Amino acid sequence: MRAACVILLASLTVSVSPGGQAQALPGEGDPSLDELLQLLRSMLTQMEDENHANGEQTEWLEKRQHPGKREEDGGRLRRQHPGKRLSLEQVMLEEPSEQSELSKRQHPGKRYLMLLHKRQHPGRRELQEASLAKRQHPGKRLCEDWSETGCDPASVLLELLDRSGAEEKRQHPGKRLELEDDLTEQE
């Protein structure tokens, strides 16, 4: 709107200024200042009426919105963190105490077997630590099923002692063959 007014005023000053006038049509006199002001007022009121008709559109164009807080259909929809995306139905169905616990990230090495529903004194957490399952590296698993014959506690301890004495360094798979060949040649 301001730009249109500036253009209109600039054109009026050019047309009224001496030397800037074009040849007038025959039968037309020079417009008086009152006529020019009346023309200007009518044009401005016409522009205001057009702006009121397109008022919603101009407000939408003028007001920039944050991409995560766009207003659609009167309600505000917010984007969520990709790791915490839950549908509205899921959030409403869950209990409030579980919502706070489920939304928290956990250490990758520990998986909750059951949710802890309330915070406890730090000294009492050790009792609950037994309910947490510690993840082990797949190559380092000793016994997955303790009912097997080789998985009694005594044999596991003996195996650990044997491993600790002969610590082997992991090597590139292609180099292992060369070392095995060297060992067989030395014998």
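Keep in mind that glycine also has a Cβ here, set from the backbone N, Cα and C atoms.
Among the features that Swiss-Prot reports, signal peptide is placed at 1-22. Taken from Swiss-Prot, the feature region 'Disordered' applies to 49-148, 164-187. What Swiss-Prot lists as compositional bias 'Basic and acidic residues' is 60-76, 164-178. Sequence annotations record features per position, and here Swiss-Prot assigns pyrrolidone carboxylic acid to Gln65, Gln80, Gln106, Gln120, Gln136, Gln171 based on similarity to another entry. The annotation proline amide is assigned in Swiss-Prot to Pro67, Pro82, Pro108, Pro122, Pro138, Pro173 on the grounds of similarity to another entry. The compositional bias 'Basic residues' annotation in Swiss-Prot covers 105-122.
Every protein chain considered, the tally of other Cβ atoms within 10 Å of the Cβ of Pro173 (proline amide) stands at 7. A sphere of 10 angstroms centred on the C-beta of Gln171 (pyrrolidone carboxylic acid) encloses 10 other C-beta atoms.
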